[in-house]
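Step one of this worksheet: look at the structure below.
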Amino acid sequence: LPRFLPRGPTPTSSPLNKPAYKELSNGSVHITLDPKVLEQELPPPDEKEAMLPGEQNNETLETRLYWRRFAVLAVFSLYSLVNAFQWIQYCIITNIFTGYYNVSSIAIDWLSVVYMVAYIPLIFPATWLLDKKGLRMTALLGAGLNALGAWVKCASVGPGLFWVTMTAQIICSVAQVFILGLPSRIASVWFGPGEVSTACAAAVLGNQLGVAIGFLLPPVLVPNTADDKDLMGHNISIMFYGTAGVSTLLFFLTVFVIKDRPPLPPSKAQAVLSTVPAEDYSYKKSIINLFKNKPFVLLLISYGIMTGSFYSVSTLLNQMIIFHYPGEELNTGRIGLTLVVAGMFGSILCGIWLDRTKTYKLTTLIVYILSFVGMVVFTFTLNLNHLLVIFFTAGALGFFMTGYLPIGFEFGVEITYPESEGTSSGLLNAFAQVFGIIFTFIQGHLTTDYSPLSGNIFLCAWILLGIVLTALIKSDLKRHGVNVSNINKGQAVPTELPSEKASSDVKQESSSLPRETSI
């Protein structure tokens, strides 16, 4: 038939009102059609049946973009930067902190791993808070705890105060839980459909820039003065006090700048969600729905593998470089900077590309494959005794590996809409932390007991598995479907197109039909 059978018309008003139309006792409808009837086009169905909750009253929905969105994005990116800096500032000069605190390299690794460990149990209360209390409360907690942890570090300057610096790092790791899941939420509730992926990439960019500065500044601020621990302590205190001052300023900016959402939504997808009553939302049901979503589960695992590999490489970069190039702490920081800065460019370019093309799965798969190629090249060129080659291969690896991060966020939001962006992003980050912990410890042991080559091959094998899982993801761009629909005219785009068959005996089920219809 040219269209689905209408739900609304009664037998007296339907063009099919002929003796051949009769209702059976079993609840189905049996229709016998002649060729002339087949040529008739039925009236359009009641499209409200296919709409998401809240779409039926779309005549009153308005959208608008506000300049404040750029200030919100900038402040969030900056305090996310400081939090990421505090994550990596120890590991990039592992040999210096092991000497100063007189602890093992494993203990210093834990200053990085604690970020990942804290995230896993706290992600569920953090995403619940984001959904119930909103963006502003979550941002204030993240910025406030970030500043508190930075000030506690100032009290940890002393060879016997490693436990104080660990306590401070735990506080910063809790702050991170209220930071990492916000990029997609900020992008969705403040930015329009033509800029949402770029905005998400820019929000992730702040965190990446913090890692880049964390690779660059600590080796410069805290040079290896093993014969003078007082000077070393003075240099460490300069780094800690500077971080505390900046993070405090950013906390006050967060108080004045960041709001839950703009007065009017920026996109049709957000406008639809804004009409759904708050009492209809269930956090528990949202979590269950996400884990029942097979494409999203595949994305969880593949995203966890890629991002966990990046965390592991970042944590162990100092040990890998120093193994082959002793005394090159400063260049190790520069290599890490190259890796992350290249990834920042990758993030922005991928975000712009997604906004223009909406080819989420294809882009994700290509970037994943190129990350694998970059990891293989980095692995087998690490021991060539040419630092310039390492700079080049690390840059190529970073461009694709860290460029993947915002792509995964946005792909997750697309295939899980209308579920909360904060919840989907939080779960993606949680799986990244789980894989990051596992990969860091296994690769760390392989690097220490054998060589960096063994640890890097281990990561290559897992990234290859991630490519296979990414290829299996079914791309269903639900949010994009709502944004491109003509909501002002009451039209909605279905998430799946119905199949049409010309047959004399077809049984079709549809949510827009009240009964099973046999033709």
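Counting starts with 1 at the first residue shown.
For all residues, glycine too, the Cβ spot is worked out from N, Cα and C.
Pulled from TrEMBL, these are the features on record:
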COMPBIAS  498-508  compositional bias 'Basic and acidic residues'
COMPBIAS  509-519  compositional bias 'Polar residues'
DOMAIN    72-478  domain 'Major facilitator superfamily (MFS) profile'
REGION    1-21  region 'Disordered'
REGION    493-519  region 'Disordered'
TRANSMEM  70-90  transmembrane segment
TRANSMEM  110-130  transmembrane segment
TRANSMEM  137-154  transmembrane segment
TRANSMEM  160-184  transmembrane segment
TRANSMEM  196-218  transmembrane segment
TRANSMEM  238-258  transmembrane segment
TRANSMEM  295-313  transmembrane segment
TRANSMEM  333-353  transmembrane segment
TRANSMEM  365-382  transmembrane segment
TRANSMEM  388-407  transmembrane segment
TRANSMEM  427-447  transmembrane segment
TRANSMEM  453-473  transmembrane segment
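Away from its own ends, the transmembrane segment (196-218) comes close to residues 69, 73, 76-78, 80-90, 92-93, 179-180, 182-184, 186-188, 190, 239, 267, 314, 317, 332-337, 339-341, 343-344, 347-348, 350-352, 354-355, 402, 405-406, 409-410 of its chain (Cβ-Cβ under 8 Å, at least six residues beyond either end). Looking at 295-313, 333-353, 388-407, the range that has the most CB pairs within less than 8 A of the transmembrane segment (427-447) turns out to be 295-313. Against the transmembrane segment (333-353), the recorded stretches 70-90, 137-154, 388-407 differ in Cβ pairs under 8 Å, and the greatest number is found for 388-407. Touching of the transmembrane segment (388-407) and the transmembrane segment (238-258) is ruled out by the presence of fewer than three CB pairs under 8 A, sequence neighbours closer than 6 excluded. Distant neighbours of the transmembrane segment (365-382): 302, 306, 309, 320, 324, 346, 350, 389-390, 393-394, 396-397, 399-401, 403-404, 407, 452-453, 456-457, 459-460, 463-464, 466-467, 470-471; these residues of the same chain sit at least 6 beyond its ends, with a Cβ under 8 Å from one of its Cβ atoms. With a cut-off of 8 Å between Cβ atoms, the residues of this chain six or more beyond the transmembrane segment (137-154) that come close are 76, 79, 82-83, 86, 126, 129-130, 164-165, 167-172, 174-179, 182, 237, 240-241, 243-244, 247-248, 250-251, 254-255, 258, 422. Mean pLDDT, taken over the domain 'Major facilitator superfamily (MFS) profile' (72-478), works out to 86 on the 0 to 100 scale.
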